[in-house]
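Trainee: First, the structure itself, so that you have it in front of you.
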Amino acid sequence: MLKNYIKTAWRNLWKGRVFNLLNLVGLAVAIACCTLIFLTVFYEFTYDRFHTKLDNIYQIYTVSNRAEGAEVTSSVPEPLTPALKAEYPAVKYMTRSADAGALIKYGNKELDENLHFVDEDFLKMFTFPLIEGNKNNVLSGLNNVVITQATAKALFGEEPALNKTVLLNINNVQQPFIVSGILEDISRHSSIEFDLLVRFEHYPNYAANINAWENRTHIAMIEFNNGYDPASFTSQLTPFVKKHFAPSIEILKKDGAKPNEKGDIFWLDIAPFSNNHFATNLGGVEGNPVNKTYPVSLIVIGCFILIIACINFINLSVARGFTRSREVGVRKTLGASKGQLLIQFWIETIMVCLASMVVGLLLCMALINQFKAIFKSRISLSMLLDPVTLFGIIILFLLVTAIAGFYPALMMVRYKTVAVLKGNTASTKPGKLRNTLLVVQFSLSTLLIICTIITWQQINYLQNKPLGYNKTEVLSIPVSGGLIGEKALKLMRNELKNHAEVASVTGAYMNMGRGNDGSSRSSILGFNFGDKEIRTHIQRVDYDYLKTLDIKLLEGREFNPDFAGDSTAVIINETMARQLGTKNVLGSFVPMYDSVAKVQVVGIVKDYNFRSLHEDIAPLTLTMDKHYEINYIFVKVKPGNLVASYDAIKKSWNRQYPNTEFEGSWINENTERQYLNERRLSGIFVSGAVIAIVISCIGLLAISIMIVLQRTKEIGIRKVLGSSVGGIVLLLSMDFVKLVLLASVIAFPIAWWLMNNWLQSFAYRITIQWWVFALATLLAILLAFITISFQSVKAALANPVKSLRSE
Amino acid sequence: MLSLKQISKYYSSGGAKTYVLNRVDLDVDQGEFVSIMGPSGSGKSTLLNIIGMLDQPSEGYQYFLNEPVHQLKDKQRSALYKQNIGFVFQAYHLIDELTVYENIETPLLYQDVKSAERKALVADILDRFNIVGKKDLFPEQLSGGQQQLVGIARALISKPKLILADEPTGNLNSKQGEEIMELFKKLNKEDGVTVIQVTHSEKNAQYGSRIINLLDGKIDSSIIL
């Protein structure tokens, strides 16, 4: 019986091969996309899962209920960890964590590695298996260092590494350390990434901050006792906060902070480490968290594509069912039961689904590398063999075949035997269901088109908005690899003085945008001024900063080596001047540092967007204060040949620092890098929209084939009665155009709401314009019309005598 | 063998009932060869479909092999006709995707006949109808007469007690038609299969043992030959 079913199914599929091929292609494309998408999502959601005690680990963070809103930061003061451990027995383990770059030296080998400062508990909490060493005491010695296998190999080769003495250069101080443990290499699936582990006591300024509850310098993670419910931990911390953070709370109060509904101004809270990979709102976590919007929008788009493909499948199968009605009738007279017929048609569905699956996975293999490149995804096809994904795929497959196969099969089985044998099915009205499904399909497609246009507009706007400084001709060079910024700047300045194409050179603490080094810094300083607290971003600059970046000076002057007092002078931006509020800001003295003398404002610059356009321009103070390092060197070149200038500057850098990589990049590259997430989203939308449209149009094409078949007689009669070709094409297309129009109208409010929400995350944003909706609709209608036209024109041109005779 | 009492079939459109069959009484005995005749729209096909249980009457009582068909459930009804009735259609209604062999085999599949037995039965009937050489061809590769032959073979494979034929020769030329009618006659005489056919042709009607004339949904005359 089964053999018979498969045989007939195969012959039937072959007979309707054009139709089934359309069906198969649509489904295969959808399966390929969904596989890639869901693998990516799976990858993102399974970050850090290898830690066996993941569910018991939390990160602690602080919330300040400031006047302008709650400020969340995960930076905590040094004494917090020992105090919490001592005072709360529920805290089983706790570790502080901070990272830095460090040079590790053994013999004459030197490596620039990523160093983590942690407490002893770190390896007891997190699952980083040791190959050599004992996890209970590897970090017991103050000068122990734990290294990864890769580092061990790079440094020691085949030599045993354990108990060797290495030299570590941390923050320009070289110290000997003993290798006390070797870890397995860290999974790429880990938020916590490092090459070396040393005790937190080596963290710069550790001794100075050991009792400083006001200086928040690092993050900290807690592991609770097994079985402890951490839900109430936050409220238990209230007395702890009162005891240790009183001065901070006082300052906040003065600053206008209001108590929340529970009466707190400042409190400690915990966030599960399992959510670490998505914790973009904690103000600093391990690794590079991603905004949950992206995996979620991926899921949504994956589901959209799957829904559209299923709808296609249903519509196509139902449409094709019409041609099979006679067979159903005959089989019924031969004694087939409904169940038997149902199984027969279902087997056909499963065969198409299986074929689609195979083609889809092949497609997936072909596309995976491009996909990884575009979406910065680190998935691999071997993930498909993971039991969880495998199970998911089987479930999804069964679901699709059930939904997409069962309904059409049921439809066919329900045909009235007698009517069918007389050949009467074709006259049935196009189903409401089919129309509904088409509307859903095109709603989703239009929605994605609108999203695509709006994200594209916004990105375009971000790129072209003048930021208030020169971003095209200025090169930003990160000073990394243990170099001292000030020295490097001096060297480069001397070196580049003789280059004709270099206009000016300066240095700064913060980068513009995000450079090749990938890091971002910001420093905010608060001080009391008159009766209020002023908060300002601090940018340490060097001479010629304004000149190099073409920042407009409104009043006063730039820092100048001729003025001796400039090391204690500041230049502020307009917003800062407004915040200070006094008349004659220029020349006035401001008590920026509580301890030292007041600093004089020597210049006011026009506001410029020193942060990404997600945020408004904040108060900014430029200073030459030596406490802040120079981390970036900015070089402005003369317009003309930028490529040649870049090469020349790179060459001079390499002459100065043959061992340190040149990571310079143009500032406009850096600012664009700030919008990588947006680009990624827009990429997702574009691909989603294209695929949705393609699959929808495949479905529409097949349905139009069906419709034309069904209405051949009508078309013939109309032609005999004198209808023009255009009239017939319009007649056949109008029904669909109406549906697409309706679909667009449904998509409008959803798209507007979604995109409006998204735009809210930008301080600088476009307004959504009506023509975007019109354009998207027009596009959808046009595509639908073209698709249908393939068939309708052919039908309209056909000889009516033929179609009428065939009746 | 079967008995129809006061069978009516009508369609209501806008309150008015349009009768296709109007209080028809009909009894057919085992071994009869009945020809139903009448002009277009007189209800011949509907009557045949009701007899074959493919269609249900709006009113009336129907018995088949002493079973009250009007009281049976869908499933029981289809079990009843599946075992006892073979259908032959004017348009043959062979399944295009199946070979001659498979077409004939299909009813057996639906009756859960074992594979070996199926093979024997199909081989037997192919032999009897002289179409062994055509068993691997598809319907479209056969002439109309051959297709109808396969249609009849398929109707006979499950050894039905009754064959219902709706204008079986309607699509055939006269020579092919004659052959088919001869076959029916032979089946009726030699195998004792009851045959009810709908036909337009006076000549074909003569093959039977009784002619029933329908007019406007009523039996106009019943002539025993």
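Glycine is no exception: its Cβ is also placed from the backbone N, Cα and C atoms.
Checked TrEMBL, it gives:
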- A:21-43: transmembrane segment (TRANSMEM)
- A:21-238: domain 'MacB-like periplasmic core' (DOMAIN)
- A:298-322: transmembrane segment (TRANSMEM)
- A:299-414: domain 'ABC3 transporter permease C-terminal' (DOMAIN)
- A:343-368: transmembrane segment (TRANSMEM)
- A:388-415: transmembrane segment (TRANSMEM)
- A:436-456: transmembrane segment (TRANSMEM)
- A:500-644: domain 'MacB-like periplasmic core' (DOMAIN)
- A:684-709: transmembrane segment (TRANSMEM)
- A:689-796: domain 'ABC3 transporter permease C-terminal' (DOMAIN)
- A:721-748: transmembrane segment (TRANSMEM)
- A:768-790: transmembrane segment (TRANSMEM)
Trainee: Among the recorded stretches A:21-238, A:299-414, A:500-644, which has the greatest number of Cβ pairs closer than 8 Å to the domain 'ABC3 transporter permease C-terminal' (A:689-796)?
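Mentor: It is A:299-414 that shares the most Cβ pairs under 8 Å with the domain 'ABC3 transporter permease C-terminal' (A:689-796).
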Trainee: Quick one: DSSP breakdown of the domain 'ABC3 transporter permease C-terminal' (A:689-796) into helix, strand and coil?
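Mentor: Reading the DSSP string over the domain 'ABC3 transporter permease C-terminal' (A:689-796) gives 93 helix, 0 strand, 15 coil.
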Trainee: Let me spell it out: take the transmembrane segment (A:436-456), skip the flanking residues so only those 6+ beyond its ends count, and list any with a Cβ under 8 Å from a Cβ in it.
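Mentor: Long-range Cβ neighbours of the transmembrane segment (A:436-456): 301, 304, 307-308, 311-312, 314-315, 678, 681-682, 685-686, 688-689, 692-693, 696, 699-700, 703, 736, 739-740, 742-744, 746-748, 750-751, 754-755, 758-759, 766, 768, 772-773, 775-777, 779-780, 784.
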Trainee: Using DSSP, what's the helix, strand and coil tally for the domain 'ABC3 transporter permease C-terminal' (A:299-414)?
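Mentor: Each residue of the domain 'ABC3 transporter permease C-terminal' (A:299-414) counted once, the result is 105 helix, 0 strand, 11 coil.
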Trainee: Could you give the number of helix, strand and coil residues in the domain 'MacB-like periplasmic core' (A:500-644) as assigned by DSSP?
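Mentor: Helix (H, G, I), strand (E, B), coil: 20 helix, 51 strand, 74 coil.
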